[in-house]
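Take a look at the structure below.
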Amino acid sequence: MKQIRLLAQYYVDLMMKLGLVRFSMLLALALVVLAIVVQMAVTMVLHGQVESIDVIRSIFFGLLITPWAVYFLSVVVEQLEESRQRLSRLVQKLEEMRERDLSLNVQLKDNIAQLNQEIAVREKAEAELQETFGQLKIEIKEREETQIQLEQQSSFLRSFLDASPDLVFYRNEDKEFSGCNRAMELLTGKSEKQLVHLKPADVYSPEAAAKVIETDEKVFRHNVSLTYEQWLDYPDGRKACFEIRKVPYYDRVGKRHGLMGFGRDITERKRYQDALERASRDKTTFISTISHELRTPLNGIVGLSRILLDTELTAEQEKYLKTIHVSAVTLGNIFNDIIDMDKMERRKVQLDNQPVDFTSFLADLENLSALQAQQKGLRFNLEPTLPLPHQVITDGTRLRQILWNLISNAVKFTQQGQVTVRVRYDEGDMLHFEVEDSGIGIPQDELDKIFAMYYQVKDSHGGKPATGTGIGLAVSRRLAKNMGGDITVTSEQGKGSTFTLTIHAPSVAEEVDDAFDEDDMPLPALNVLLVEDIELNVIVARSVLEKLGNSVDVAMTGKAALEMFKPGEYDLVLLDIQLPDMTGLDISRELTKRYPREDLPPLVALTANVLKDKQEYLNAGMDDVLSKPLSVPALTAMIKKFWDTQDDEESTVTTEENSKSEALLDIPMLEQYLELVGPKLITDGLAVFEKMMPGYVNVLESNLTAQDKKGIVEEGHKIKGAAGSVGLRHLQQLGQQIQSPDLPAWEDNVGEWIEEMKEEWRHDVEVLKAWVAKATKK
């Protein structure tokens with residue numbers, strides 16, 4: 001079968017090779033020959049011989065039929081071959097196509113897989129894109145909201161800057177304006193757009209521009225902030241003083257872009273300061289004027305009384321003259337304290353060191369001190385440790401002032417016994433004075449306080465402060481330090497005190513200060529309501545009160561006291577604080593609620609803790625506080641405070657007002673000031689003080705909050721000077737305490753002083769206004 005296929009293939013290939021015609025002719029010829037051969041073979045077999053007709057017939061028959069049959073067959077074969085070839089080609093193409101399809105199928109699968117991956121990636125990317133779009137929308141919304149907020153904040157900041165009365169401006173590195181607020185526009189008369197790119201010389205006067213440029217250069221040169229004051233002109237010609245602060249401006253990477261400036265109008269502050277300085281100068285001028293006017297008659301009284309003491313006198317005349325002499329010297333030295341205090345405030349105390357006859361100095365000191373001691377029945381001893389120099393170089397007046405102050409205090413606080421002054425001179429040119437007394441002594445907790453300005457030691461029972469200005473020891477110690485020495489003190493309560501004065505003296509000396517003048521005027525007989533629940537305290541208080549000529553009714557409870565009290569029936573009510581049913585504070589509040597203030601007598605608290613609770617008692621409506629156990633000196637002083645014994649008909653209200661005024665105001669200075677310059681200058685100064693005080697108090701509080709000790713002291717000094725210039729003694733004393741950080745426990749107490757200043761200054765001003773109005777009517 002295989003060979004047949006090969007033979008057929010050979011047949012077809014030959015036909016295709018020779019062509020249809022030639023192959024047909026060749027095949028026909030071959031068939032004719034074959035037919036002849038077969039015919040001859042058959043004839044030979046059948047007949048045994050071959051005739052020519054047989055051959056011709058075979059040739060003819062073969063030539064007639066074979067070509068057509070061969071041609072037809074060849075055509076068929078050719079067509080079949082062509083069909084086969086076409087089929088072969090088609091098969092080949094199909095194979096190629098199949099292979100290509102297979103390849104494409106593989107590629108398609110790969111592409112499908114890749115496409116699936118791409119689709120997955122695209123779907124993921126699409127999801128991420130959608131998420132990003134969502135986040136972007138949120139971010140866009142947030143940015144829009146932030147932009148709106150920024151615009152609102154920018155608008156608010158701009159409105160805030162424009163609403164500020166302070167100047168705000170910016171200048172770049174070329175010293176050109178980059179922006180400003182509304183206040184700056186008003187100052188320059190130009191809008192912000194007009195100011196941009198202008199330089200100071202284009203905006204200010206030549207003098208002002210020069211200072212502006214100078215300060216700008218300092219800021220740029222040193223890269224530090226700068227604060228200064230400068231007067232600038234408004235377009236209408238009005239001048240204003242500004243406190244200007246300039247700071248370099250940096251971006252977030254630390255690159256400087258220019259400076260920012262702020263300016264606050266302090267014109268009014270300047271005016272107030274100038275007014276206060278003028279008032280202070282007026283006060284100094286006033287003190288200087290009356291210094292001469294008072295010293296002349298005082299010196300005459302002292303000199304003439306001393307001369308008269310050397311003449312023949314009766315015992316009574318000598319006693320009176322000694323009183324006049326000591327009182328005049330005391331008054332003069334108290335005035336010296338006031339003068340020195342004023343000088344120390346202005347830092348103008350100067351020492352006049354001259355040769356001093358020390359022997360005569362001690363003799364004069366002994367004579368004068370002995371006179372003062374005799375007034376109270378005391379012994380005076382001068383114990384010099386020899387040898388002493390005959391002359392020393394010092395300010396004799398100042399040394400005498402210090403010693404007189406120490407001796408006067410020793411006599412003042414000694415009821416019986418003696419006062420001893422010891423003097424010695426050591427190597428190193430130091431003079432030592434010891435002033436020892438046998439008086440009441442000083443509590444240990446007050447030893448460090450007695451040298452503070454205005455501090456006054458309480459009496460022996462811890463009640464009312466002893467009389468005096470409270471400035472003598474403070475002035476004396478400052479003077480001693482100026483003279484190269486100091487004053488120290490040792491004391492034992494109930495046994496006496498010893499003050500030691502040292503000064504540097506190749507030849508040195510100083511004067512005495514401050515004396516004491518007891519007021520022995522008779523006291524009025526009062527009807528007293530004593531509210532006390534402890535029987536022993538009742539006995540002590542009743543005995544003291546009746547000893548002074550008073551009649552006493554006793555209430556043991558608060559309820560009984562309220563029932564017993566009737567307006568006009570009692571001249572004085574003494575209230576114990578701790579009662580069985582209520583406190584003395586409750587009684588005071590109830591009485592002030594029931595009755596008008598003018599119908600109430602003085603309400604005085606009895607307590608064992610005056611210093612801690614006094615302000616609380618005063619706030620509850622009480623008029624004063626006495627310490628228990630009740631003492632004659634304290635009670636006497638309190639009665640003198642509320643009653644003018646020379647005019648028993650004067651109303652209690654007036655007496656209370658006067659006593660309060662004396663505690664709050666510098667009455668002598670105000671009276672003399674009123675007589676010399678009239679009320680207008682006082683009221684003008686007071687008006688200035690009222691304007692300045694809120695600012696002072698605010699600064700004080702802020703400095704206290706910031707614990708700025710220097711700032712507190714500076715503001716305290718300002719307040720002290722301002723209050724003193726208008727006669728507000730209480731505020732002046734508070735200012736003195738606030739400005740004196742060397743006072744004992746200053747840091748613990750300064751907050752309370754500032755709070756007291758804040759709470760009381762308006763009340764003190766009203767008291768002064770009322771006093772001026774009343775004094776003017778007189």
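Glycine residues also receive a Cβ, built from the backbone N, Cα and C atoms like all the rest.
As recorded in Swiss-Prot:
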TOPO_DOM  1-25  topological domain 'Cytoplasmic'
TRANSMEM  26-46  transmembrane segment
TRANSMEM  58-78  transmembrane segment
TOPO_DOM  79-778  topological domain 'Cytoplasmic'
DOMAIN    153-223  domain 'PAS'
DOMAIN    226-278  domain 'PAC'
MOD_RES   His292  phosphohistidine
DOMAIN    527-643  domain 'Response regulatory'
MOD_RES   Asp576  4-aspartylphosphate
DOMAIN    678-771  domain 'HPt'
MOD_RES   His717  phosphohistidine
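Of all Cβ atoms in the protein chains displayed, 24 besides its own lie within 10 Å of the Cβ of Asp576 (4-aspartylphosphate). Of the two recorded stretches, the domain 'HPt' (678-771) lies close to the domain 'PAC' (226-278), with three or more CB pairs under 8 Å once pairs fewer than 6 apart in sequence are set aside.
Counting Cβ atoms from all protein chains shown, His717 (phosphohistidine) has 16 others lying within 10 Å of its own Cβ.
When pLDDT values are averaged over the domain 'PAC' (226-278), the model yields 86. Applying DSSP to the domain 'Response regulatory' (527-643) sorts its residues as follows: 55 helix, 26 strand, 36 coil. Rounded to a whole value, the Cα-Cα separation of His717 (phosphohistidine) and Asp576 (4-aspartylphosphate) is 39 Å.
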